[in-house]
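Below is a structure I'd like to ask you about.
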């Protein structure tokens, strides 16, 4: 081979710039790509970042093509060497350098700066020179495949890949026919991408006949390209400075000096580039990649919910009764198709989680010397318990185009979007004892039939021998005033006379329609005195109302403490209303027109209605107010003093709303005596089983109206208060009656007792 051709190749590759230029790609243009040993190529500082094959691979991988198949043939090759560099003695036989290059070296001087090296040498001539290369050409067919799409199209991705391999192997035999069939598959499925390339030396007479510089380099498994640093042709006093300048240019983009100390290397930034240690582009790419990974994580869960296996599982779930988390778990474990699909999801999310962790570690590693603090949160894996709760929400909280989250403890939905239209009718619970045997066909929320020993009563199952109509002879629990909550609220706003309970106002500290000082606690009581006046009734409270007037320009609000005695008795035998706790309502304040008076209303409704005989109300200021020495708050009110006037309020009206229930004390006392007698005779329950069932029903219905308590604490025992104050039983008699009922409930009916707390 003549010297001119070698010289041409020499100048072509020695002075060809193999350097890194700043990348201007958008973050969307790259994605996670090659194996771990090539991860450094994602940086703009990688020497092959702009190579054609690398960019093509990244672009195809971003489009979802994960497999590359390439078939090629070489049609010529020969190896050339840079004989000028192979000379051992560069002092006696210097390398024949271009005059421009020699002039650039002389311009550097004896002690050039890093920036001088970059501007004079590196930006013009690069950092490496070519030692040897293999020239030639190839004809190739490259095919990128997306196995997931092939799997969906054909049902078996392995067979599809083998068929494509066989088709591509006939490329060099029947090129036109093979390409036509491959293009048809590419258009119809979108699962493959086919590229033809013909590169190589087309003629040796001139460089213009070559496709590109890289086209003459064969890309095979052997190492075909050998480079060496450009410092070997520099004078010795410039070699170290050139290496330092080249590293600063490659690793710091020419924006600082690359220094290493104590095994830690970093860029010492110039004043005009204070953020040179922070690869903003790489960080943005990784943040964008992490955001896409988080979206893919969410999409993986949606794909499972939209899969045929999950939909068929939802269709097979029984809809004729309520499904608890445990029963859904049992159906979940018995569905083998869903289990295999769920295992695929787990393996996919585990692989995705590892990718996210690797990328996040790289992101935080790159951000060590940045002012930019990355904000990334690892997506949480949905546990099996969360999947079961999700299934429950899809069953019962997916109605009218709205959706929500189901709360099994409350058997209700929390709808999203500030609406209550997402809840479907919640089916009844099927089980043993007093649970339903079957739900009603007319109303799935109610029982349709009951288990043996129980009977259906108003949509629920009760012990068979209990006659609820007979209980009404003792206490008329159900009246014509059992309104719905919305009706009750409307009637209370209108002050309907049907809900008035005529009580007696008692107070030594307050007089109605008279101003008083709120800096001291005030007490008043509303009582019925049923033991003297209305012995044939017990009374139910469903709300309270109070009209409070203030002085002008006063914003003083009272704070209420309300104690209720359910069946008379001392103050210690009452319970405190827990306003705003455990779902208990609060006072509502409404101002009356053209006045300084307000209506304070408390609506208990059907949920929190309860028995009452006396209501004790304590009032005090909500905020701590200044008091004057030697004042007791009992003297006459001086409204002329402007400093005191703001502390005065008056109550013009106070009213309890509710209704009365008929109460047959004599009949109930005879039933209690029968229970007491059966207990004293050694537990002869069978002879009086109807009475025992009747008293159990009455006790349950009375204690059901007890006030709310904190979770885990026992309910208050109102039944014992009724026995003590309305039937006048002694404490020993009350203990015997309750013990007899508990024994019958546990030993005969085989039901668990509900713990209660003593009130009276």
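Each residue, glycine too, has its Cβ placed from N, Cα and C.
Copying in the features that Swiss-Prot gives for the protein in this structure:
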SIGNAL    1-16  signal peptide
DOMAIN    68-251  domain 'MACPF'
CARBOHYD  156  N-linked glycosylation site
CARBOHYD  433  N-linked glycosylation site
CARBOHYD  443  N-linked glycosylation site
CARBOHYD  553  N-linked glycosylation site
CARBOHYD  599  N-linked glycosylation site
CARBOHYD  630  N-linked glycosylation site
CARBOHYD  676  N-linked glycosylation site
I need the least crowded one of these glycosylation sites (443, 599, 676), counting other C-beta atoms within 10 angstroms of each C-beta.
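Output over glycosylation sites 443, 599, 676: least Cβ neighbours within 10 Å is 443.
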Have a look around residue 433 (N-linked glycosylation site) and count the other CB atoms within 10 A of its CB, chains all included.
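A 10 Å sphere around the Cβ of residue 433 (N-linked glycosylation site) contains 14 other Cβ atoms.
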In which DSSP state, out of helix, strand and coil, do we find residue 599 (N-linked glycosylation site)?
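Going by the DSSP assignment, residue 599 (N-linked glycosylation site) falls within a strand, counted as strand.
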Report, in whole Å, the straight Cα-to-Cα distance of residue 433 (N-linked glycosylation site) from residue 443 (N-linked glycosylation site).
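A Cα-Cα distance of 21 Å.
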Can you grab the distance from residue 599 (N-linked glycosylation site) over to residue 433 (N-linked glycosylation site)? Cα atoms, rounded to a whole Å.
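About 47 Å separates the two Cα atoms.
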Between residue 433 (N-linked glycosylation site) and residue 676 (N-linked glycosylation site), what C-alpha distance do you get in Å?
27
